[in-house]
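*Asks:* According to TrEMBL, the record shows the following:
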TRANSMEM  77-97  transmembrane segment
DOMAIN    122-282  domain 'Glycosyltransferase RgtA/B/C/D-like'
TRANSMEM  143-164  transmembrane segment
TRANSMEM  224-252  transmembrane segment
TRANSMEM  264-285  transmembrane segment
TRANSMEM  309-334  transmembrane segment
TRANSMEM  341-358  transmembrane segment
TRANSMEM  364-381  transmembrane segment
Amino acid sequence: MAGRPTAHAWRRGCAAAGVYVGAAAHKRPGGPALVLAGAAEASPGVLTVDHAANTKFGRAMTTTTTGADIETSPPRFARAGVGAVAAVSSIALLVFLDRYGYFGDELYFLSAGRRLSFGYADQGPALPLIAHVLDSVAPGSLFVLRLPAVLATAAAIVISAQIAREFGGGRGAQLLAAGGYATSPFLLVQGGQLATNSFDIPLWVLITWLLVRWARTRDDRLLLWAAVATAFALQIKWLVPILWICVGLSVLLVGPRELLRRRFLWVGAAGAALTTIPMLVWQAGNGWPQLAMGSVIAAENDTVGGRPAFVPLALFIAGLLGGVLLLCGVWALLRWEPLRPFRFVGVTVVLTFVVFMVLGGRAYYVAGVYAVAMAAGAVWLTRDGPRRRRKIVAVPLIAASAALAGWSLPWQPERDIPPVSADDGMATLTYGRFGWPELAEETAAAYRDLTDEEREWAVVIAESYWQASALDNYPDGDLPAVYSPGRGWGYFGAPPDDATTVLYVDRYPDTARELCAHVDPVGRADARLGIPGVSRDVTIWKCVDPRQPWSTIWPSLRRL
């Protein structure tokens, strides 16, 4: 009949949309029913999701279709291939896991872990607690300290492939999505150190997978699991609410609006919010320093290009393959008909970029939505165009991406690494692992040169919170108590008022002269691979006779 597609046409439409045509006996009970629209209403391949009948947990019941029945189960998971990608990436990280030294933030987490609290000025309590537990199990072991980051990265690689599977991607798409994540230099390198990104980004990947799976199955229990992941993410950083705000705006714009009517969504949101109460109490009692971090980060971003450089930097850290998949994925989510039920995900990715760029956030803040966009791009690329042409483009791109990711690992001998220039804003990613033992050694030498009376009332104040963390963790000799007005260290407490001699670690004497009546240089740290002004070209100043009690002056010294 005119206007009604043949069975062959229906099957072609199903194949284009990434679903399977089979007998009614093969349908999965409890899964969502997918009904193909007639030719007069939509073009072949367009899917209409019928979620009218719900069970207790909101899972749609299957219905029959006119003509062939549709199997809604996603393709088989490429367990062996994806597992191999995750395993190779993990091995690459493990080989270099204890290379060089502690990164500055790792030292900070160790110091914060010795001062456990429900809140910190610049982050949640999770990372200090993790660092404290791991260092208690294996004191001084870089390998053990960084091992959870490797596991989190491997999990994110696997989940990336699972997202591609939810989009209807077969083995090729799943492997491509996993490869895109695994060959991103930033995402891979973050898996080799204890950092907030090492856990925050995989948690975002998990949340986006649960949302995509919910969009396909309407199983509201997935929203509760997303809330659990959100609660954990909130204990690391306060960025995940931005993701959920963008999700909410997206479903209002393009649907499915029923997400906002799901009871389990709001139950989960309330539960996640309750977990933040101890942090909020701490923040309120300390003047909400976390809120002030936004302007601090925006100012720091100016050293690497600021807002105009946000999108280029975000694409750069995605890597070669990852950047291509990211761009293709955003287009596919917004414009490709087979992914129409997931359009809200594409809008979420775009909104996340816009929000963080406007707020002056760091480019890697959007890395949590890379996996879902890469997965969509992988599905589109493995479906569109002649297979031979896809291979010609994909093979060299994958090879180049893998080579770039390998190059970004810490494989170079320390002696072959050149010193960093003072104006390199990206230098901390590499050089933040060097110079700390030398800084501690020079400070300890300056302390030993003090008289017995001076040592009795001496403390150390470091200008940078990284410097303070290094001195706290590399006590070469019997160093006195360490303090710093920098970032979270400023909230660890002020020096005692009876501290009359201070070893002030700073590049310049200006601050020391404001604080004390007599200031003299007594030491110098100048590590070859140190960061200028932090662990290279740094002076230790002896600061005697404070002008004001430390308890009085300290609040005005604190800065983020």
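All positions are counted from 1 along the displayed chain.
Glycine is treated like the rest: Cβ placed from N, Cα and C.
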*Asks:* Could you pull the average pLDDT for the domain 'Glycosyltransferase RgtA/B/C/D-like' (122-282)?
*Replies:* 96
*Asks:* How about the transmembrane segment (364-381) and the transmembrane segment (143-164): at least 3 CB pairs under 8 Å, pairs 6 or more apart in sequence, or not?
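*Replies:* Yes, these stretches are in contact.
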*Asks:* Cβ under 8 Å, sequence separation of at least 6 from the ends of the transmembrane segment (143-164): give me the contacting residues as numbers and ranges.
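*Replies:* For the transmembrane segment (143-164), the list is 77-78, 82-83, 85-87, 89-90, 93-94, 97-98, 106, 110, 130-131, 134-135, 137, 173-178, 180-182, 187-188, 190-195, 198-199, 201-202, 205-206, 208-209, 212, 371-372, 374-376, 378-379.
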*Asks:* Any residues 6+ beyond the ends of the transmembrane segment (264-285) with a Cβ under 8 Å from its own?
*Replies:* 57-58, 117-120, 124-125, 220-221, 223-224, 226-228, 230-231, 234-235, 244, 291
*Asks:* Would you mind listing the long-range same-chain contacts of the transmembrane segment (224-252), meaning Cβ under 8 Å and 6+ residues beyond its ends?
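*Replies:* Distal contacts: 123-127, 196, 199-200, 203-204, 206-207, 210-211, 214, 259-260, 264-265, 267-269, 271-272, 275-276, 279, 290, 344-345, 347-348, 351-352, 355-356, 365, 368-369.
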